[in-house]
Structure formats: structure tokens, C-alpha cells
Amino acid sequence: MQDFKTHLEPLKEGKNLLGFSGGLDSTCLFFLLVGENIVFDIALVDYNTQKQRLEIIQHAQKLAKTHHKKCYIHHAPKIAHNFEMQARKIRYDFFETLIKEHSYKHLILAHHLNDRLEWFLMQLSKGAGLNTLLSFQAYEKRESYAIVRPLLYTPKDTLKTLAKDLKFFEDDSNSSLKFKRNCFRKNYANSLMQDYSKGIIQSFKFLDQEKERLYPLTIVSQMHGITFFKYSQNALFMVDKILKQKGYVLSFSQKEEIKRSFFSLEIAQKFIIESDKEHVFIALKPPKTLSMPKDFKDRARRLDIPKRLRPVLYAEFLKQPTHDFLTRFKQSLMDL
């Protein structure tokens with residue numbers, strides 16, 4: 001469990017929130033964190049799909065009270081279709097609301113080595129690139145917080161051994177083959193983990209190290225709600241990474257469209273991606289279209305500010321109107 005302890009370092013500073021389900025993984029992580037004197041609270045989503053849902057909620061509340069922790073419960077609306085994707089969105093929206101309201105610095109999740117292998121195999125079968133194959137990271141920076149997955153190199157069998165005297169609940173949906181992940185688990189991942197777990201751990205460590213070398217640190221700046229960085233051969237990787245930090249995951253077809261459009265398009269009617277000769281920009285699309293005055297348009301044009309960014313900048317300009325607003329933005333690009 002040395003890898004586990006290494007990944008706890010960030011949790012020693014700031015407030016922490018554990019995503020808790022009452023299942024094997026999050027229960028083990030709960031007690032491992034308690035054993036390491038990590039301070040945290042817990043958050044649970046009730047999807048109203050489990051027979052034991054009320055017992056799970058009561059158990060979570062009792063556990064939190066016993067260990068002097070806050071316990072947040074969210075009762076999700078009924079999910080009619082695409083359960084896994086909708087459940088994930090509900091879960092992360094709930095976590096991010098709590099993080100914002102209570103100033104949590106870290107979101108702790110109980111993903112383990114088996115989860116990572118299942119994801120890897122699923123993406124491999126789709127024809128994914130390195131960034132998507134390795135999208136599960138032990139430490140993942142988001143805009144206002146970081147996701148920490150201390151168990152990412154820990155096999156599920158290790159957790160089963162640790163949990164032999166602990167109370168936890170089995171989720172019936174984990175055995176349902178109508179979910180693709182469960183098919184990959186049953187048909188491929190389980191047997192690979194049973195026979196080759198040590199080699200799989202080492203391979204993921206090598207791949208993580210090589211990913212860091214392939215995608216070196218890129219300086220990212222932000223001004224007036226626009227995130228930007230210098231264009232390089234890793235530009236698509238950076239766009240994917242930044243959008244993920246903002247809570248949006250690009251599909252393969254969207255990535256292809258970004259390349260075809262030379263980094264100048266809208267994504268999901270929500271994000272603007274734009275570029276000039278040297279930079280790539282990412283911004284939230286303004287909620288409403290504003291009519292820009294001619295002098296603002298002219299100044300933006302003379303400064304070679306890309307067209308898609310002008311409405312974003314104008315919306316920000318209205319909040320803090322100064323005569324050198326656009327000039328300072330242009331200067332920030334030159335200073336990058």
C-alpha cells in the first residue's frame with residue numbers, strides 16, 4: 001500500500017470530500033483515510049435503484065457521526081435512459097456544488113486498479129489515444145479543486161482482504177451485463193487482473209511516466225474568462241485537458257472536428273475554441289448575444305483579436321469598462 005500513502009500527500013492540506021457509496025471500494029477508502037488521520041467529509045448520491053437504499057443512507061450517516069464527519073445526501077431524480085452517463089453527471093454536479101459551497105480543496109474518489117484497467121480496455125476497443133486511455137489519474141487538477149484517487153494502483157482483491165471485517169453493501173447493478181463496463185469486467189479485466197496484476201501495475205506506471213514526457217508542461221494563462229496557451233503540437237491534448245478541468249469530456253468526433261476547423265469552432269453550444277497564429281483560446285460562450293458598438297469592433301480588429309473572442313471580451317468589458325481593456329488583453333498574449 002506504499003502507492004496509496006504517496007497519493008495522500010495533497011490531502012494533508014485543505015478540506016477534503018470523499019465520494020461515498022457504501023460499497024466495498026469507498027468503505028475501504030473511508031477507513032484507510034481514517035487510519036492515516038486524513039480529515040474529510042462524505043457525500044452520497046441516492047439514485048433510488050437499490051433495495052437497501054435506506055439502510056445505506058442510515059449507515060453512511062451513522063458512520064459519519066461516529067467519526068465526526070459531515071454527511072451530505074443527494075436524492076437523484078429518476079433516470080429514464082443512458083443511466084451510467086446521467087448518473088455520473090448527477091454525481092459530479094452534486095460534488096461540485098458542495099465543493100463550491102463549502103470550499104473543499106480535494107474530491108477523493110475510490111477508483112482502483114481494476115476500474116482503471118476496465119476503462120483502458122473499453123477505450124482501447126474504441127480506438128482511443130493515449131490521453132483518453134490514461135484519463136484516470138491519481139491526481140487530476142480541475143478549475144477550483146483537484147480529484148485525488150489514492151487507490152489507483154491498488155487491486156480490488158487487496159480491498160476485499162482489507163474489508164473482511166467491515167460492513168459494506170453490494171450494488172446489484174455491478175453484475176448486470178446490460179452495462180458495457182460490466183461486460184468488459186467479466187469477460188476480460190477480471191482474468192487479466194487475476195493472473196497479471198503486478199505487471200499491469202508496472203505497465204500503468206511506465207505509461208504514466210511516458211505520458212508526462214510526451215506531453216510536457218505547457219504554461220496556461222487566463223484573463224477575462226478566456227483560457228489560453230501557446231500553440232504547439234500538443235494543442236489538441238491541451239484543449240482536451242482544459243475542457244476536462246471545466247467538466248466537459250470531448251468525444252472522438254469532436255476532437256476530429258477541432259482539427260478540421262483549425263481550432264476555430266463552438267463545442268456543444270457552450271464552449272468557444274479559437275486560435276490565432278500563435279495561441280489557442282478556450283472560453284464559455286456568452287449566455288446571450290450582445291450587440292457590440294463599432295468602435296469596440298474596430299479596436300479588436302486592429303489588435304488582431306480573433307472574431308469568436310470578441311463577444312466574450314465585450315461581455316467582460318461591460319463589467320469593467322476601461323479605455324485600455326483590449327490593449328491589456330493583447331499584451332497578456334505577448335507576455336505569455
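Using the three backbone atoms N, Cα and C, a Cβ is placed for every residue, glycine included.
Close to Ser21 (ATP binding site) in the fold, though at least 6 residues off in sequence, lie Leu44, Val45, Ile56, Ala110, Phe169, Asp171, each with a CB less than 8 Å from its CB. Here Swiss-Prot flags Ser21, Gly22, Gly23, Leu24, Asp25, Ser26 as ATP binding site.
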8 Å Cβ shell about Ser21, Gly22, Gly23, Leu24, Asp25, Ser26 centroid, ATP site members excluded: Phe20, Thr27, Cys28, Ala110, Phe168, Phe169, Asp171
